[in-house]
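Worksheet: the structure to be examined is printed underneath.
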Amino acid sequence: MIEPHVPAPPGSPPPWGAPARLPVRPGTGRFLVLACVFVCAACGLVYELELVALASYLIGDSVTQASVVLSVMVFAMGIGSLAAKRLRCRAAAGFGAVEAALALVGGCSAMALYAVFAWTGDWGGLWAHGPRVLLVTFSLAIGLLIGAEVPLLMELIQRIRRQDAGGAVADLFAADYVGALVGGLAFPFLLLPWLGQLTGALLTGTVNALVGGALVLGLFRRDLTRRGRWLLVVANVTVIGLLAAAAVLVDDFERAARQAVYGNDVRVALRTDVQEVVLTGGTDGRPLDLFLDGRLRVSGRDERRYHEALVHPAMNGPHARVLVLGGGDGLAAREVLRYPGVRRVDVVELDAGVVRLARTDPALAALNAHAFDDPRVHVTTADAFRLLRGARAAYDVVVSDLPDPGITASTKLYSQEFYGLARQVLTDGGRLVVHGGPVESRPHVFWTVEATVRAAGLRTVPYRVGGRDAGFAAGPDRTASGASRAPHDWGFVLATAEGAAPRLRVGGAGGPRLWTLGQAGLEADARAAERLRVVGVRASTLVHPRY
């Protein structure tokens with residue numbers, strides 16, 4: 001016996017696969033779904049890029065962080081797509097829930113990652129790996145939710161108007177890829193420079209929640225039960241409220257997190273076009289510390305020892321024209337200007353904001369002896385590699401005072417090609433000196449630098465000096481057991497292009513008085529460095545970096 005058809009009760013969703021009951025024409029409905037795909041794809045890529053950028057800043061090694069985030073996220077997207085098969089019978093409700101969860105997780109991911117880094121980064125033990133664990137967790141969660149979007153959207157768009165699977169996939173993926181393009185361009189050119197990573201992620205989450213909720217509640221509201229509609233409204237309002245509250249408090253949060261990282265002595269904190277710059281101390285007898293992107297670059301406690309060791313061995317000989325690569329703090333230029341025979345000093349610094357701070361901050365300007373006010377000093381804001389490619393001048397001394405070679409962004413500045421360009425701007429008998437990172441704690445990196453300089457056709461003399469706060473003892477380079485295992489020496493390579501290897505000499509007749517460096521100690525440190533030599537290392541090139 002065939003049972004008579006019983007109408008569905010009011011407010012119940014239509015059967016799975018039935019045409020959607022839309023408040024607009026099918027063509028308009030498809031357009032709105034594809035527009036939602038576009039926006040959601042843009043938001044998803046912003047979440048990915050935000051995790052990569054923040055992890056590179058907090059943890060270091062941008063290549064590794066990008067590989068971890070992207071590979072984990074793509075894997076999770078596949079798992080999310082499989083899991084979404086169970087939601088196809090309630091595609092509208094499922095999509096609304098997924099977008100609300102994605103907006104909350106993606107929007108808050110930057111703040112959560114920064115909080116764990118700031119407040120647990122120096123605890124040691126398992127907590128030292130907290131940022132890495134959280135990075136993988138967020139990559140996995142965001143990937144799962146992004147992966148769940150496509151099957152649900154495919155179901156929704158097919159319920160508006162049936163078409164062949166190939167055509168539906170083409171439309172969906174076209175909107176998805178174009179949206180990803182917009183998100184990928186918006187992050188570095190709009191969100192990051194104008195809003196910063198934290199506010200940018202929160203705004204992206206808010207847009208994600210608004211668009212996802214509006215599509216389901218506006219276009220597919222008849223597919224939801226009354227209870228489902230109310231639950232989705234409450235979920236989206238809650239998510240948007242949390243993101244808005246976080247956006248209001250983000251400045252206070254950032255100040256508190258910065259104090260947790262740098263201490264309560266933060267005096268200057270700014271974001272230049274290139275990096276975050278933080279100055280601590282420098283007043284009331286407290287030593288000045290300069291941090292660039294969380295890494296300790298200058299410590300007033302022993303910067304003089306570093307800069308004397310960097311500059312003065314290279315100044316043994318003609319030194320009328322000197323090129324300083326990096327050195328935007330003015331401290332290397334300060335040491336160069338102590339020689340009366342210097343006629344011109346060219347400083348090539350990528351970040352004009354650092355040079356501006358070195359000119360105007362009273363404590364930093366006093367530390368560099370107002371080097372940038374000297375008429376012999378000429379500052380060029382440029383990438384050192386690019387400038388050397390077009391350089392026509394010849395220099396007696398080239399001082400490479402650049403970030404640590406272990407930092408991915410600096411790898412090209414420690415390549416064979418870079419040192420080959422530096423060799424071309426040296427006069428006959430000119431000298432090049434390179435900061436190569438700590439010798440004792442990172443011997444492979446240091447001796448790779450030395451091998452790379454030699455591969456560029458230069459004769460080298462490696463040496464090292466010890467320092468109390470040498471290397472990168474703070475910020476993302478904290479070791480698992482804290483600063484106690486931080487590097488405590490600096491390594492340098494002195495090189496010349498002509499004749500025999502240069503002589504390692506300081507304190508000659510007519511030279512300035514050195515406060516921390518003597519000939520006997522320098523020779524002893526050079527012998528100590530030689531005993532730590534790593535054999536068999538190969539030169540680093542642009543296409544095959546070995547740091």
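Glycine is treated like the rest: Cβ placed from N, Cα and C.
TrEMBL lists D401 with the feature active site, proton acceptor. Residues or ranges marked as S-methyl-5'-thioadenosine binding site in TrEMBL: Q275, E349, D383, A384. Look at TrEMBL and you will find H307, D329 tagged as spermidine binding site. The domain 'PABS' annotation in TrEMBL covers 247-497. The feature transmembrane segment is assigned by TrEMBL to 31-59, 65-84, 96-121, 133-157, 169-192, 198-218, 230-250.
Put plainly, the recorded positions D329, D383, D401 were compared by Cβ crowding within 10 Å, and the winner is D329. Spatially, by CA atoms, the recorded positions Q275, E349, D383, A384, D401 include one closest to H307 (spermidine binding site), and that is D401. Residues near A384 (S-methyl-5'-thioadenosine binding site) in space but far in sequence (CB under 8 A, at least 6 apart, same chain), listed by position: L325, G326, V348, L350, L402, L413, F418. Across the structure, Q275 (S-methyl-5'-thioadenosine binding site) and D329 (spermidine binding site) are spaced 14 Å apart at their Cα atoms. Here the binding residues for S-methyl-5'-thioadenosine are Q275, E349, D383, A384. Their largest Cα to Cα distance works out to 16 Å.
E349 (S-methyl-5'-thioadenosine binding site) and D329 (spermidine binding site) have their C-alpha atoms 9 Å apart, to the nearest angstrom.
DSSP assigns E349 (S-methyl-5'-thioadenosine binding site) to a strand in the three-state reduction. Within the same chain, the transmembrane segment (169-192) packs against the transmembrane segment (198-218): three or more Cβ pairs sit under 8 Å, each pair at least 6 residues apart. The record gives Q275, E349, D383, A384 for S-methyl-5'-thioadenosine. Within 8 Å of the mean position of their Cβ atoms, the other Cβ atoms in that chain belong to V274, G326, G328, V348, L350, D351, T381, A382. Distance from the CA of D329 (spermidine binding site) to the CA of D383 (S-methyl-5'-thioadenosine binding site) is 16 Å. In the three-state DSSP assignment, the secondary structure recorded for D401 (active site, proton acceptor) is strand. Taking the C-alpha positions, the distance from D329 (spermidine binding site) to D401 (active site, proton acceptor) comes to 10 Å.
Here the binding-site residues are Q275, H307, and the one with the most other Cβ atoms within 10 Å of its Cβ is H307. Using a 10 Å Cβ-Cβ cutoff, E349 (S-methyl-5'-thioadenosine binding site) registers 24 neighbours.
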